[in-house]
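Take a look at the structure below.
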Amino acid sequence: MLLPIPAPVLGEFFGTLTLILLGDGVVAGVLLNRSKAHSAGWIVITAGWAFAVTCGIFVSKALGGLGALNPVGPLADMVLQQMPPVDGLALVAAQMVGAFVGAVLVWLHYLPHWQVTKEQDLKLAVFCTAPAIRSPLSNLLGEFIGTFALVFIASAVGKVTKTGDGLNVVGGLEPPLIGLVVWAIGLSLGGTTGYAINPARDLAPRLAHFLLPIAGKGSSDWSYAWIPVAGPILGGVIGAFAFKLLTAG
């Protein structure tokens, strides 16, 4: 008999799967040859990711998840002693597995297009981020700032949607509002590193790229992989701490 899966774990798995299926999916549509969305551009990619975030949050919350879709959320809660480590690590694992499965589904969906796309860097870009200018310290700082902004602003959105604070914002608007936050970050800050701002969004699909039999693929660029993990964790935890400090009492 299978052990029952806790609702928060199930929600984060399917929510993050949805995030990557739609997010990596829009990148694939824009970058891979002979796609009808080919060369649609950065605006389409950032919009697609914003909608992916919104859809993922709805799916996660409908199934009993937190709607985090990002290991930074549970990790920040653990650091701030708002979540037991066992629970937090279970959510992180669910997010990572969900992101991996979502990336595999994108590969399957665009299966004929890998063969007709010769550029190895474009194939990798479907799955994970790479900097426009490779400068480790600057790239790390970019991911730190982007994720700090994400967590700080998302915390503000969450506070307003829960309390109203005179703005009369209902809780059901939180997912699209978070999507707009991600869209703003992508447009304003995403041009340097591709705005991973989420370790699961980058690391799990990068692993999928490494393992899958993608036609003509190149390196998975593991030398860069630590930056979209470390930068978001540091920026997200500090962003959560800063918001809690400013709103305490």
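Each Cβ is built from the backbone N, Cα and C atoms, and glycine gets one as well.
Per TrEMBL, the features are as follows:
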TRANSMEM  13-32  transmembrane segment
TRANSMEM  44-69  transmembrane segment
TRANSMEM  89-110  transmembrane segment
TRANSMEM  140-157  transmembrane segment
TRANSMEM  177-197  transmembrane segment
TRANSMEM  224-243  transmembrane segment
Contact call for the transmembrane segment (140-157) against the transmembrane segment (89-110), three or more Cβ pairs under 8 Å: no
Close approaches to the transmembrane segment (44-69) from elsewhere in its chain (Cβ under 8 angstroms; 6 or more beyond its ends): 6-16, 18-23, 25-27, 29-30, 37, 91, 95, 174-176, 178-180, 182-183, 186-187, 190, 198, 200
Maximum Cβ pairs under 8 Å to the transmembrane segment (13-32) - stretch from the list 89-110, 177-197, 224-243: 89-110
Positions whose Cβ lies under 8 angstroms from the transmembrane segment (177-197), at least six residues beyond its ends: 42-43, 45-47, 49-54, 57, 67, 70, 125, 128-133, 138-139, 142-143, 145-147, 149-150, 153-154, 157, 161, 169, 227-228, 231-232, 235-236
